[in-house]
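S.K.: Dumping the structure here so I can ask a few things about it.
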Amino acid sequence: MLRNYLKIAWRNLLKTKAYSFINIFGLVLGMGCSLIIGLWAFQEISFNKFFPDGNLVYKVRTNYLFNGELLNTSMTPAPLAEALKEEVPQIEYAVKIADWGPQLLIKDEKNAFREKGIFASDDFFNIFQMKVISGNPVGAHHSGEQLVISQSVSKKLFGDKSALGEFLMMENQEGNLKTYMVGAVIEDVPANSSVQFDWVVNFKEIEQPWMGWGNTSYTTFVKVLQNTSGESLESVAKNVYANHSDYGKDNYPIFQPLAEIHLFDVFENGKAVGGRISLVRNLSLIGLLILLVSCINFVSLVTARASVRGKEIGIRKVIGANKKALLTQFGYESLLVSAIALMLTLLVVNLVLPLFNSYLGTQLTLEWGSLGFYGIMFAIWLVASLMSSLYPSVFLANLPVFNALKQQVNLGWSGSYFRKSLIVGQFFISSLFIVGIMVFYSQQEFLRKKDLGLERENVLYLPLAGELYHNMEVLQHEAIKSTAIVSATVSTFLPINIQAHSGDLSWPGKAPDLQTHVSAAWVGYDFAKTMGITLKEGREFSPLHPGDSLAYLVNQKALDLMGIEENAIGEEISFWNGPGQIIGVMEDFHLQSLHSPITPLILVLEPENASYLLVRTAEGRLEQAISDLRTVSESINPAYPFEYHFLDQEYERLYLSEQMIGRLILIFGIVAIFISCLGLLGMTAFTVSRKVKEIGIRKVLGASIIEVAALISKSFLGLIFLGWIIALPVAWMLMDSWLDNFAYKIDLQWWYFIGAGALTMLIALFTVSFQSVKAALMNPVDSLRSE
């Protein structure tokens, strides 16, 4: 029986090739988009779940009171890890980690690469167990003279030769090169790990006395004993913190499970309330909507063609087929279509996934050996099968015998109105996508063109590695000799990534219990000039004023914090460097991405602790500037490769997540609109086929081509217009909610929504007109010949 059902289903597919193609192609597009989103969502949800005993690992975060408000940070004091391990019996291992960004690994003069790594204490590989290629990671890590590297770094530096026992050089805190032996090689850390590195060196290599309880700049993880929960540790850990730290009254640690740290990184009142999980949910919803649009196509066309299959259904009922048999037959037809679509989907996704990864910067693959992949695939097929088969099967099986034999199918409310609601639903979803595309790209353009208060174009920077660090004054002096360089300065931080600290800022009249979040950077001379920052009052740091080491530059936000309304020059304040005077006031400029508001900023003259040389090049002289800098750098620092980066590119990296979302919305929006138009094309073609005689009669009676085309188009355009109207408030709420993620954002303009409606109508009109004009141009003799 099953064989007969499948044979009949296959014959029906071949009998109506055009409609079968539209149905299958629409499902392939919908299932393909859903599968890609499903792969991405599965990767996001699977973060950190591959670690052995990962359910016993917790990240330690710090809750702290700030002006009466309970806030949270992912950072902790360096000594906390040892204290927790020693004083909390339920904690088996604890590790502290410092991430100081990519560092140079030097094999020789021709082989040096800047790779991301971490400094971690002894228990690191007891907590994060990695697959070993060679060596003993635990033993090597305990030695301060060895380092552990990834397989990719090993191949990059040593090729196919074993790296074990080889030597690499890395810069230490004093800016000098130190030699380490490769003690172990491990497999590359998977992309779905929150802890990313290509090398690991023991924390004791960087440990300093100032890394005390008051310095919350480090990451802490613990591994607990079986049957221990994070909540049960918190009261004990709170006492540990209070016993060691002067901040213990207002600060205390909390424990977040390893599996949650990627998805839940937004905290309110000391509790995790969301984060990236919102993006996963929203994109999963988009995948479901696209799948829904493709299934709507299938349902619309199958129910619309009920009258064509009426005689077949009637005959089957007359010769004894019951409702169950008909339900089974039509169900198998739908399942066959969705099964064919799934196989084609896998083929198409396998072909386009490399392009998709390249476009979005993702690392998605079809994991044929993963049960999760088969689960995603089965879920998509099941949802598509159910959505596309239930209603058509029930509808066709319930057609009355007499009407079916006469091919007089009365679609009624459950037919005509239902199909109309499906078209409304399709273009409701399409309108949401069009509004989303317009708003996303308008916000991205706003971010790109927003005046930051500094000039990020024509600025490049050099990491101060090796002898460049020891001779930064010479480097800066030689750099500005170039006619292609306008000015140069040094800084501890890049000016678009200056972090806020709960620094000890004081001024006359400050309330004793007022706590402050202040951003700070330690810079050299000509910082404002090089970065194009406007000075409202006063002057920059100058070598002509030896006392500037006890002076400060502040921005307008800092003056607002201190309540200084005018005549700020000469005002006494005290910061980490001690008491000093304000010598200059800068216009506010953005210190981080536009997700965050501008914070109070203090600049301190301390070039000896700088990490970067920042250079402003003359307009159109970039290549000459790079060449001159290369010459100077290689003469001062021959053991290191010449490195430079562009500040505007660093700024763009702050919005990689938004760029990815925008591209996803664009791709999937176009697909959703195309699927909707594909279904609309099929529906129009079917409507035309049912109105052939009516069209012929109208043309004989004098109807023009425009009138005939309008007759066919108006009913569809009305439904599409209704879908757009319903989408308006939903699109407004969704876009307004997304824009709330930015401290600086565009206003939602009326033309986004009117434009989306107009574009939807134009696309639909073009789609419908293709068939309606074709029908209007038909010779009425052909349609009325048999009458």
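A Cβ is built for glycine as well, from the same backbone N, Cα and C atoms used for every other residue.
Copied straight from TrEMBL:
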DOMAIN    20-227  domain 'MacB-like periplasmic core'
DOMAIN    285-399  domain 'ABC3 transporter permease C-terminal'
DOMAIN    667-780  domain 'ABC3 transporter permease C-terminal'
TRANSMEM  21-42  transmembrane segment
TRANSMEM  283-304  transmembrane segment
TRANSMEM  325-353  transmembrane segment
TRANSMEM  373-401  transmembrane segment
TRANSMEM  422-441  transmembrane segment
TRANSMEM  664-688  transmembrane segment
TRANSMEM  700-730  transmembrane segment
TRANSMEM  750-770  transmembrane segment
S.K.: When you scan the chain for residues with a C-beta under 8 Å from the transmembrane segment (750-770), skipping those not six or more beyond its ends, what do you find?
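M.R.: That would be 427, 430-431, 434-435, 438-439, 442, 673, 677, 680-681, 684, 709, 712-713, 716-717, 720-721, 723-725, 727-728, 731-732, 735.
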S.K.: Can you tell me the mean pLDDT for the domain 'ABC3 transporter permease C-terminal' (667-780)?
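M.R.: Across the residues of the domain 'ABC3 transporter permease C-terminal' (667-780) the model's pLDDT averages 81 on the 0 to 100 scale.
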S.K.: Using DSSP, break the domain 'ABC3 transporter permease C-terminal' (667-780) down into helix, strand and coil residues and give each count.
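M.R.: Computed counts for the domain 'ABC3 transporter permease C-terminal' (667-780) are 96 helix, 0 strand, 18 coil.
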